[in-house]
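Listed in TrEMBL for this protein:
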{"type": "TRANSMEM", "residues": "12-31", "note": "transmembrane segment"}
{"type": "TRANSMEM", "residues": "37-56", "note": "transmembrane segment"}
{"type": "TRANSMEM", "residues": "68-88", "note": "transmembrane segment"}
{"type": "TRANSMEM", "residues": "94-113", "note": "transmembrane segment"}
{"type": "TRANSMEM", "residues": "120-139", "note": "transmembrane segment"}
{"type": "TRANSMEM", "residues": "145-167", "note": "transmembrane segment"}
């Protein structure tokens, strides 16, 4: 039996991508919030990504551990924010949800910078997710329905890009060649490491 660890990233990306698409179909105004979205948020988007984050930890993947665990817990907290007021807990004050989304947007912006060392397909996910969080925050602050619709469409794109990257990793690995292209990293590890050193030397 091989001791080689499987790549957990496609599983985590599918959990993130499919759940994000479903939620943003709601955000765009096509369907109301329902138990299907909440169930996906708890299990596939939530617990699934947390498990993948733990698997990334075992592989020594700091970026994957941080990303998958954080966004898995994001889905669980989001479901809690929807469900807990119905269980007797106090709902968040009006407009406070915007600050929740802004914090996640800032975090994701930093993750986008980290993603520049990875294929373009991965950069697209984090770049579009950063935009999504700030669009949703703006929608929460203003109540503008057009902003909500734009955020929903952008979120569907973000989720679809995660699904694409997941399938690209899976199919490219299975066939041993490029089936779905993902693009080259914008920054190499060498460039990323040399930049701080040059700043210190200057």
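From the backbone N, Cα and C atoms, a Cβ is placed for every residue, glycine too.
Panel annotation: around the transmembrane segment (145-167), residues 9-11, 13-14, 16-30, 119, 121-122, 124-125, 128-129, 131-132, 135-136, 138-139, 180, 182 of the same chain, lying at least six beyond its termini, place a Cβ under 8 Å from a Cβ of the stretch. Remark: the transmembrane segment (12-31) contacts the transmembrane segment (68-88), by the rule of 3 or more CB pairs under 8 A. Outside the transmembrane segment (120-139), and at least 6 residues removed from its termini, the chain residues within Cβ reach (under 8 Å) are 13, 24, 27, 98-99, 101-102, 104-105, 108-109, 111-112, 114, 147-148, 150-151, 154-155, 157-158, 161-162, 164-165, 168, 182-186.
Same-chain residues lying 6 or more positions outside the transmembrane segment (68-88) and placing a CB less than 8 Å from one of its CB atoms are 8-9, 12, 15-16, 19, 33, 38, 41-42, 45-54, 56-57, 97, 100, 104, 107.
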